[in-house]
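Enquirer: Dumping the structure here so I can ask a few things about it.
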Amino acid sequence: MDTTTGLHQTSDFYQENVPAVSSPTHDGLEFWQFMIAGSIAGSVEHMAMFPVDTLKTRMQAITSSYKTPAITLRQSLGSILKLEGLGGLYRGIAAMGLGAGPAHAVYFSVYETCKKFLSAGNPNNSMAHAASGVFATVASDAVLTPMDVVKQRLQLKGSPYKGVVDCVKRVVVEEGIGAFYASYRTTVVMNAPFTAVHFATYEAAKKGLMDVSPESGGNGDDNETLLVHATAGAAAGALAAAITTPLDVVKTQLQCQGVCGCDRFSSSSIGDVIQTILKKDGYGGLIRGWIPRMLFHAPAAAICWSTYESAKTFFQQINGRNSSVN
């Protein structure tokens, strides 16, 4: 079922057929169903692509006070497999598992709620999709950032932490609770444009693909397929990732500062971190890890969106059967 063009038809149907005790938002789903669908999608996405994320973190972490030569994706992968084995690619995955589900539950439920109110009756309103994405990321980042800090510190080469619990305890004792949110401002500044580009591109690409899809007869009707969601998601993820790589490098520096030789900064100012990177590594330092970042976000977005839409379809079918029974 089309998540945008079928908005009004779905809303009318449920107003007429669902009992008064039910409180669906739109697309025939209730708020908690969006949360569960988003939680499943986010968890599947991050677990599937975690090794690529580890490679990105290793490439972005600057571990000396002088200019460091850039390492390639192949060199990073080879080093991890040689010195740490396959398990080295998955170190820190428990932290992401704890954070991804709740964060994406917030992410998608806020997105769907905002999209409903901001679309103003126009399901193809790209500005509404972009703005909804920004609201969603501000909320979800507040949930995910602490576990992302733990995850990245565990991903570092020679990480001094034994695991998630040990990392959390030592950070609280040695640096204070604030260390978990040192990168929050940078994360929001990065993810706001990332999400705006991502959602606007996804919705536009999905509509374009539906217009030319043989299964929809070229009319862009409700005949969506997983291939459409995956393709649109991959395009959106790749573009958004490429645009925001410099801010992702800054985020990594702030989250890993003072660990395994990484620089420590006197403040969490984005400008100060950028100046430090430029002084040491030039403009090339701001795009470290752009290849694994794109390799992560393109398939990750495809996995996330196709899983999310599949979960929504499942709930729609359940709600439809319940409505028929009632």
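Cβ coordinates come from backbone N, Cα and C, glycine included.
The structure displayed is predicted, hence computed values, not measured ones.
In case it helps, TrEMBL gives these features for our protein:
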| type | residues | note |
| --- | --- | --- |
| REPEAT | 29-117 | repeat 'Solcar' |
| REPEAT | 124-208 | repeat 'Solcar' |
| REPEAT | 224-314 | repeat 'Solcar' |
Enquirer: What are the helix, strand and coil residue counts for the repeat 'Solcar' (124-208) according to DSSP?
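Expert: For that range the per-state counts are 71 helix, 0 strand, 14 coil.
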Enquirer: Compute the average pLDDT of the predicted model within the repeat 'Solcar' (29-117).
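Expert: That stretch averages a pLDDT of 88.
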